[in-house]
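What follows is one structure encoded as structure tokens, with my remarks underneath.
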Amino acid sequence: MHVTRDFSHYVRTAGEGIKHIDLAVEGVHCAGCMAKIERGLSAIPDVTLARVNLTDRRVALEWKAGTLDPGRFIDRLEELGYKAYPFETESAEVAEVAESRFLLRCLGVAAFATMNVMMLSIPVWSGNVSDMLPEQRDFFHWLSALIALPAAAYAGQPFFRSAWRALSAKTTNMDVPISIGVILALGMSVVETIHHAEHAYFDAAIMLLTFLLVGRFLDQNMRRRTRAVAGNLAALKAETAAKFVGPDEISQVPVAAISPGDIVLLRPGERCAVDGTVIEGRSEIDQSLITGETLYVTAEQGTPVYAGSMNISGTLRVRVSAASEATLLAEIARLLDNALQARSRYMRLADRASRLYAPVVHATALITILGWVIAGASWHDAIVTGVAVLIITCPCALGLAIPTVQTVASGAMFKSGVLLNSGDAIERLAEADHVIFDKTGTLTLPDLEVMNAADIPADIFELAGRLALSSHHPVAAAVAQAAGARSPIVGAVEEAGQGVRADVDGAEIRLGRPSFCGAEALVGDGTRLDPEASIVAFSKGAEKFILWVRQGLRPDAQAVIAALKARNIGIEILSGDREPAVKAAAHALAIPEWRAGVTPADKIARIEELKRRGARVLMVGDGMNDAPSLAAAHVSMSPISAAHLSQATADLVFLGRPLAPVAAAIDSARKALHLMRQNLWLAIGYNVLAVPVAISGVVTPLIAAAAMSGSSILVMLNSLRARSDSREIV
């Protein structure tokens, strides 16, 4: 019977002519596995990306559209000795919980056997220095074998299965030397017992398995902790929504069945499943994890809502603008996934070292055995020493040194409101010693404020707001928002470059340029009140009013600038805005170095000048308007609105009103880089010390297992320090 495989549900478009799929891969435990999988998949023609994420054992694949069947990737992984299937968050979590429980059972069996075998070994050890009869010693050895052999057969399954799959595929992984070491120790012990020898190694073999299982169990649980942020984000995703299928009829349908333009009902206590705009109702919503706004947002007609937001109080009708994988939540999840799977410079270095290290280890173990035999040692002693070399030199710590830090640091940055858009952004940001800020939309809030709204009569301001709804100009949008306008004036006409007008109760009303409204005489007053203001006029018959609109500084901008100065970071403003506006912002923030009226070319020239002086420049600017200067800087960062997240071009982006993510990201990056270097030195130092000691024969396989597991756990624990909070911004 011919069986076909359809993976179309799991394949998505990653770019023009490029397809993407995520596969879950079983049996990935170390950097050697990662390197082998990536090499094997990259060798397939037309594959443009093959990247393994060790924290969730997922491989991301991209290839030229129309050239490959995704089933070929699964077949190739099977040839390499790994079982693979399309990645789904829920099923991956279930599989990981099942594996964690299995590891715990194996650990329990191994630990129980270890305690009993150790108790049986005590009489043997004491008998070797007293007068124990050979028959008594053999009896204790056979009892130990009766406990250790079945226990090892069960508890060693995680290693034996992985090694068998690798050998069946005519390859090796780091479970192969571990399995060889355990089997050799048990086999030698049985042979020694049969020949009535004084020494057997059942205690060492089963304790070796116990140490290895402790290390693997802790390693898996630490990986789950590092992925906690991504898991929390996935938990925000609602799978169904109440869709209106008639004027007063709703149906609970999967999110995949919802399209833009549909209307859904959002009840109190529910998570929003779509992006859209409220068309009816009033409520408070919590969207802190989506947009960075820590306070509840009042949602009413015209308010945008996003998938993952929690509806707190009222009932809302929402017109859908995006659903499923097109939502802001999905875009944030993709950016976070990219950050977790990214390859930094240090990670590429560690991968290369791990890949070269494995064959060297195997060769070293073989040479050690032969060297000891040539030197006159027995095969027994030589093999024991070789087993110790195989185990102690496993490059697990080296393989975990960088990805664990990057995963933890990415999660810490996400909690600070920062998303990574580049693989080596953390390392480059940590090196930054000079920050250039754009003013408009960066140091200032992206939304405009009507500064003199309180001075305008309420009825006039409401009328101006309703008229502003008929204009597409951002200043008009600010007036409409400030006035709380919801119903536009019927019959309003917009005149390009001038403003908008309409007739109300027989009187003509106008909103726009002062000349359009006949209010030129009032402009001087507004300019004197605030030289930075954008001027908009409103007229109703003979009544004339001036509204002055400006962008306010971000609420914490002054504190953030002070914090950056305290970190010995140079700061300046480069803005294309008018000199009075830039000068006022620089004065308010105590930034002595600023330039106004600069062009994109001027910004690039200034960045290049600083780079020639040896500065590492962080450019913080609008992701769309400052694209050239963002690309020219050593590293770049953009404040970006929810609507424009998918268009982000900077190395890092942040959502929300505060500027604090800039300082928090620098702190996190510097700490992460410090921990990466620390971990590399820990891993390298461990191997430099461990290999000669193991070759010398001083270390038993038992001590080797404890040292190898301990080095990996030490690296993981050190990496978790990247979660700690950044320095307080005051």
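One is the number of the first residue shown, and numbering goes on along the chain from there.
Keep in mind that glycine also has a Cβ here, set from the backbone N, Cα and C atoms.
Placement of SER168 and ARG723 with respect to the membrane, taken from Swiss-Prot, is on a common side.
Segment annotation: Swiss-Prot labels transmembrane segment over residues 203-223 (candidates 203-223, 329-349, 644-664). It is 169-190, from the ranges 169-190, 455-476, 587-608, that Swiss-Prot records as transmembrane segment. Taking a C-beta cut-off of under 8 Å and a sequence gap of six or more, CYS33 (metal cation binding site) has these contacts in its own chain: GLY27, VAL52, TYR82, ASN173, MET174. Here the transmembrane segment (203-223) sits against the transmembrane segment (169-190); at least 3 CB pairs are under 8 Å, leaving out pairs fewer than 6 apart in sequence.
In this chain, the transmembrane segment (677-696) lies out of contact with the transmembrane segment (169-190); the count of Cβ pairs under 8 Å, excluding pairs fewer than 6 apart in sequence, is fewer than 3. In the domain 'HMA' (19-85), the DSSP tally of helix, strand and coil residues is 21 helix, 23 strand, 23 coil. Taken through DSSP, the topological domain 'Extracellular' (376-382) splits into 4 helix, 0 strand, 3 coil. Secondary structure of the topological domain 'Extracellular' (697-701) per DSSP, as helix, strand and coil residue counts: 1 helix, 0 strand, 4 coil. In the topological domain 'Extracellular' (191-202), the DSSP tally of helix, strand and coil residues is 5 helix, 0 strand, 7 coil.
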